[in-house]
Amino acid sequence: MDIEAYFERIGYQSTRSKLDLKTLTEILQHQIRAIPFENLNIHCGESMELSLEAIFDQIVRKKRGGWCLQVNHLLYWALTKLGFETTMLGGYVFNTPANKYSSGMIHLLVQVTISGKDYIVDAGFGRSYQMWEPLELTSGKDQPQVPAIFRLTEENGTWYLDQIRREQYVPNQEFINSDLLEKNKYRKIYSFTLEPRTIEDFESMNTYLQTSPASVFTSKSFCSLQTPEGVHCLVGSTLTYRRFSYKDNVDLVEFKSLTEEEIEDVLRTIFGVSLERKLVPKHGDRFFTI
């Protein structure tokens, strides 16, 4: 596995930059704008693999995306390979309908330490919840970014990531009550501890998430990719584009329903994804917002 191939995949011109916050931010932003957050394998009759070799083959060689356990595993590998001080962490995602965090460790994120200062880096939450810059591991500090204001809070050794969102304007009234729209301005995202993890810690959950009828990943097919101004999302056959801050403190959210033929074209042109097997788009009833 070649780091230069990874750089080419994310469109990053490596000059063997310093191992500083600027380089870390650039790599994160290049990855989230080149590598989609997606679960399409599940809905093409394929599996979501966890081994680094399989992930590299899928994302770098085949120019696909992946879900958090894959895209953040790849990011962890790349940052470690470059010489950053990295720690793999595990997260518990907030379930809005149940009003609680997941009991299982279903999210992978990365801690990076630069000159004694700790940051959280995550390229695998997608949609409008995706951070665009590393977050300082500081409790109670509002950290404004283009997508929203992020806030980390620590209580008794557990960290909580929350998001303060803008208002949103949906010009197409047909979708004004879409179940894909986030209704909360203050949104809990996930919790985590600083206990170091290995990829093996996620194996059972990786299987569960792609096989259980209770999993949102089996309920909905999705693909999400950040742009310099916003984020594209395809959920089932519904395409959305959110433009952050199109007006003061307001996001613009555009919706479009696609035909089966249009889905293939959109995946190729907007997300850069060409599938080897036929996708069966799915928009089940599990809670999932963009």
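The count begins at 1 with the first shown residue.
Glycine too: its Cβ is placed from the backbone N, Cα and C atoms.
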Exercise. Among Y6, Y208, Y241, which residue does Swiss-Prot name as a further CoA binder in the site formed by S103, G104?
Worked result: Y208
Exercise. Which one of these recorded positions has the most other Cβ atoms within 10 Å of its own Cβ: C68, G104, D122?
Worked result: D122
Problem set entry | Rounded Cα-Cα span from C68 (active site, acyl-thioester intermediate) to G104 (CoA binding site), Å | 14
Problem set entry | Residues S103, G104, Y208 [recorded CoA binders]: greatest CA to CA distance in Å | 13
Problem set entry | Within 10 angstroms of D122 (active site), Cα basis - binding-site residues out of S103, I106, Y208 | none
